[in-house]
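Here's the structure we're looking at; comments come further down.
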């Protein structure tokens, strides 16, 4: 089983949903980067459960630095971080351990490995993404040193979506971070949809978009490691992710070449483009434009309606999520921080690779 992501700036995560703790090791972070416990607090809060539209499992998600930092700066050695699980309720899973949970990876996991930890989803639980968000904090600090910034936000919930694609500004980022749903969509509209979901005992899918500041570093390679290829791999590894696109994405298929091509222009002493249909990547390499893309998330499989399934012995039966079960009615809300983290991790890794690509 592979638990490592990245090449030069790499992340390894460990732990299960209902284990004592989860954690991660970052390898390849340069020495001298300022890093403190306070850096993690606001970012971890944006992913944390316990609010409307998210799981009612209340985890503090306090990050503990075990190694790799001395006197407030990274030392260049592996950075080990640990997050304790403090709000675990395994009994609801043990009660129905004799049957498979519809829509979850438990059956496939057990078929592949012959053994599975079913409590809270075990290793395949979205709980693991807290580690990615913590790692994203370190990656974001490295990128900020090179004036590269990324923002993710909820751009579509069910049939409600943003009308225009925004540009990255720090002011827009602050407005997203101050929203309870990390979205430019109207909070009262989202609240109504989520309240309706609770009444209907159902769940809803969504889309998380990301935008970056202009990236003047040449990140990515022209063949197998195009920036969009690495982003796709990273973002599609997030639990419940079902689709990825960059720039116009699938809408590109509806365009004529004369409509799609981004014209080059010379502006303020440098070559740029007058549009960004490509999403910030030409030939798989960034070239001064902002990156932008979207990730589609399926509706959460854990809904409080009875669903058809089978016993582990093969007999037909029903799986019912207990009333006390704690699950996200819309996983896309908490996925916002995970998308932002994974984009930051990809860009940090490609940035270090770019430093090695030429004299």
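Glycine is no exception: its Cβ is also placed from the backbone N, Cα and C atoms.
Listed in Swiss-Prot:
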BINDING   47  NADP(+) binding site
BINDING   123, 124, 125, 283, 298, 299, 300, 301, 302, 326  FMN binding site
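Sequence features annotated in Swiss-Prot and their locations in the structure.
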| residue | record | Cβ within 10 Å |
| --- | --- | --- |
| 47 | NADP(+) binding site | 25 |
| 123 | FMN binding site | 20 |
| 125 | FMN binding site | 19 |
| 298 | FMN binding site | 17 |
| 300 | FMN binding site | 22 |
| 302 | FMN binding site | 21 |
Rounded distance in angstrom between the Cα atoms of residue 298 (FMN binding site) and the residue listed as 'NADP(+) binding site': 18
Cα distance (Å, whole number) from residue 47 (NADP(+) binding site) to residue 123 (FMN binding site): 18
Between residue 302 (FMN binding site) and the residue listed as 'NADP(+) binding site', the C-alpha gap once rounded to whole angstrom: 19
Cα distance (Å, whole number) from residue 47 (NADP(+) binding site) to residue 125 (FMN binding site): 14
Residue 298 (FMN binding site): secondary structure state under DSSP, collapsed to three categories: coil
Nearest-integer angstrom distance between the alpha carbons (Cα) of residue 47 (NADP(+) binding site) and residue 300 (FMN binding site): 16
